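Below is one structure, written out as structure tokens, with a few remarks after it.
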Amino acid sequence: MDPCKVNELRAFVKMCKQDPSVLHTEEMRFLREWVESMGGKVPPATQKAKSEENTKEEKPDSKKVEEDLKADEPSTEESDLEIDKEGVIEPDTDAPQEMGDENVEITEEMMDQANDKKVAAIEVLNDGELQKAIDLFTDAIKLNPRLAILYAKRASVFVKLQKPNAAIQDCDRAIEINPDSAQPYKWRGKAHRLLGHWEEAAHDLAFACKLDYDEDASAMLKEVQPRAQKIAEHWRKYERKHEEREIKERIERVKKAQEEQERAQREEEARRQSGAHYGPFPGGFPGGMPGNFPGGMPGMGGDMPGMAGMPGLNEILSDPEALAAMQDPEVMVAFQDVAQNPANMSKYQSNPKVMNLISKLSAKFGGQA
């Protein structure tokens, strides 16, 4: 595998650990399904991701966008993280080294031959012949690909050749075979140090010393640890500031939701009051309905002080169309207008909803005084 791709994958995994919501995007569905199919469990999305998923997008205000961008900019103290990069090199991009066939059936003869190759590799290594040592360790690995120390030894040579990615690949394989061996952690820590991966280097070197104390590993740990701690502190400050901003945003969202709820309640209350005011003739039209409606409500003379006691009212209220019209604010406004000034009837001659109700009332009460 291309070492650059491996580094990109490592960075992606680190990002997922810091923010699991990355895995809950639609683009990452295939990865979630694969992890779950292998028996793994995808961490739940962060609260922020859930809230963003459940919130409809609104057209942003340009001023607010500018303020948000400024708020998202880390302070100079946090953004200007200066780390001494002395000794850091560019990553190696050679083709992956031969790793052997882990499924091969190993005989005693092959194990003996692998051991001979290892001894020969150590001898040429002591003579400074690094590439020849790599070749001999590779031969030993192909003969016995399930011996962790062979990968660790070859990794040590890759570190000396300043090929940290190749060394990391060997150490990863050695740790898979024997996770209790200190050597792979030591050399992987040194490889990470060459790449400027201070946190990873500190972790591996510390773990190597924990498994089997080594002065060389301890000395390098003392070198990288302050840088790793500085980075960790930087991220703590950033995350703390990020969390504070999230809390403020959450408070603002709650406040806005409360205001929206209160506004909706006020509007609902206003609608109820409006409905009560223009409801089905409570207490009659103000001032009654003097005289006859112009334009034809025959026999509907006199005032209408109230409809509660009017004969036939229950029948009218049981008529769905009439009841719906009485609950229509537009119709009831028209009735109030006509009640105050019957001459205004002419304004509603072309309104079928108003005239339909008038026709029903005229038919029902036309002959009653």
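Including glycine, each Cβ sits where the backbone N, Cα and C put it.
The compositional bias 'Basic and acidic residues' feature in Swiss-Prot is assigned to 49-73 (among others).
For 89-98, the entry in Swiss-Prot reads compositional bias 'Acidic residues'.
Within the chain carrying the compositional bias 'Basic and acidic residues' (256-272), a Cβ under 8 angstroms from the stretch's Cβ atoms is held by none of the residues 6 or more beyond its ends. Annotation source Swiss-Prot lists compositional bias 'Basic and acidic residues' at 256-272 (among others).
According to Swiss-Prot, the compositional bias 'Gly residues' annotation covers 281-300.
The annotation domain 'STI1' is assigned in Swiss-Prot to 319-358.
Here Swiss-Prot flags Ser346 as phosphoserine. Annotation note: Ser346 (phosphoserine) sits in a helical segment as assigned by DSSP.
The Cβ of Lys353 (N6-acetyllysine) lies under 8 Å from the Cβ of Ala325, Asp328, Glu330, Val331, each of these being in the same chain and 6 or more residues away along the sequence. Annotation comment: Swiss-Prot describes Lys353 (among others) as N6-acetyllysine, evidence class similarity to another entry.
A 10 Å cutoff on Cβ-Cβ distances gives Lys360 (N6-acetyllysine) a total of 15 other Cβ atoms nearby, all chains included. The N6-acetyllysine annotation in Swiss-Prot covers Lys360 (among others) and rests on similarity to another entry.
Residues or ranges marked as region 'Disordered' by Swiss-Prot: 38-98 (among others).
The annotation region 'Disordered' is assigned in Swiss-Prot to 256-300 (among others).
Over the repeat 'TPR 1' (114-147), the average per-residue pLDDT in this prediction is 96. Residues or ranges marked as repeat 'TPR 1' in Swiss-Prot: 114-147.
The annotation repeat 'TPR 2' is assigned in Swiss-Prot to 149-181. If one looks beyond the repeat 'TPR 2' (149-181) by at least 6 residues along the same chain, the residues whose Cβ comes under 8 Å of a Cβ in the stretch are 3, 6-7, 89, 91-94, 96-97, 99, 114, 118, 121-122, 125, 130-131, 133-134, 137-138, 140-141, 187-188, 190-192, 194-195, 211.
Swiss-Prot lists 183-215 with the feature repeat 'TPR 3'.
If one looks beyond the repeat 'TPR 1' (114-147) by at least 6 residues along the same chain, the residues whose Cβ comes under 8 Å of a Cβ in the stretch are 97-102, 104, 106, 153-154, 157-158, 160-161, 177. On the backbone, the CA of Lys360 (N6-acetyllysine) and the CA of Ser346 (phosphoserine) stand 18 Å apart.
Per DSSP, the repeat 'TPR 2' (149-181) is made up of 26 helix, 0 strand, 7 coil.
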